Amino acid sequence: MQIVEKAPAKINLGLDTLFEHPNGDKEWDMVMTSVDLADYVMLESLHTNRIEVVTDSGFLPNDRRNLAFQAVSVLKRYCHVDRGVRIKIRKAIPVAAGLGGGSSDAAAVLRGLNRMWNLHLDLATLARLGLQVDSDVPYCVYSQTAHVTGKGDVVTPLPKLPPMWIILAKPKVSVSTPNILRQVNYERIDQHPNIEALLAGIQQQDFAEIFANMGNVLEPITAKRYPEILQIKRQLLTFGADAAQMSGTGPTVFGVCRKQSRAQRVYNSLKGFCREVYLVRPVNLNEH
């Protein structure tokens, strides 16, 4: 039996961290959405109890370091399942880019195995299990515009974003999320994004309010080490994006445009400066 699951990339329209838990986990306050740049995850039953991971990327491990592998282990343990699976991942999302590719692949594994093994778990349970793999997995289980709080485990769906176009641009660097998070100093955070105003803008479908209140508290940390991030951000705004910022821990920067024609111009202009550029739209996975 074979199951195929789509694993969309995510971006952070708003990203704030409020404090650190005693175990080192961050307390998050984020607004996230998924876009139509996606990996595809194929699951095949095995006659043995093995977990096999096959990818078309030379940058990904195929053992227990892979988040998709970990997702299988968590689900097997929770449901007391003794079955094997081969996971084939067709990558489109750049690796170590701040776009949640590994987490989305892991979430796709949870959704797909839930179907393949007839486990009948709801998305809330899958999201709770996903937190054992990575803090972005609970959101990626849903993969729809949402307000994400707690350790990443409290996912509150939001209305669809108003129609907009998004230009993603990844500089030629890869970022280690743990390294960036270790550098967070709460006493030195000068400016927190106004997440409440961003949420209000989405509720009201108000472009100006959304664009004015986007923000990522981690951007200064990553950009200090990788100045290319601010260069790309400036280029996005110069070429006509309505707003621009870094996604996640970076290094991918995205610009947003209300109109497709302007987004296409920004995309075409940026292609001359950055090799990995994508023109995408917001997507809610449950609509496909």
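Every residue number used here counts from 1 along the chain in the order it is shown.
The backbone N, Cα and C atoms fix where each Cβ goes, and this holds for glycine too.
Marked as active site by Swiss-Prot: Lys10 (among others). Mapped onto three states, the DSSP output places Lys10 (active site) in strand. Long-range neighbours of Lys10 (active site) (same chain, six or more residues apart, CB within less than 8 Å of its CB): Met32, Thr33, Ser34, Val35, Leu99, Gly100, Ser103, Ser104, Asp136, Tyr139, Cys140, Ser143, Ser247, Gly248.
Residues or ranges marked as active site by Swiss-Prot: Asp136 (among others). Counting every protein chain shown, the Cβ of Asp136 (active site) has 28 other Cβ atoms within 10 Å.
DSSP assigns Gly100 (ATP binding site) to coil, not to a helix or a strand. Among the features that Swiss-Prot reports, ATP binding site is placed at Pro94, Val95, Ala96, Ala97, Gly98, Leu99, Gly100, Gly101, Gly102, Ser103, Ser104, with the record citing sequence analysis.
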Environment of Pro94, Val95, Ala96, Ala97, Gly98, Leu99, Gly100, Gly101, Gly102, Ser103, Ser104, the listed ATP site - residues of the same chain whose CB lies within 8 A of the CB centroid: Ala9, Ile93, Gly248
Cβ neighbour count (within 10 Å, all chains shown) around Gly100 (ATP binding site): 27
Those residues of the chain, 6+ apart, with a Cβ under 8 Å from that of Pro94 (ATP binding site): Gly101, Lys170, Thr252, Glu276
For Gly102 (ATP binding site), nearby residues of its own chain (Cβ under 8 Å, 6 or more apart in sequence): Leu60, Asn66, Leu67, Ala68, Val95, Asp134
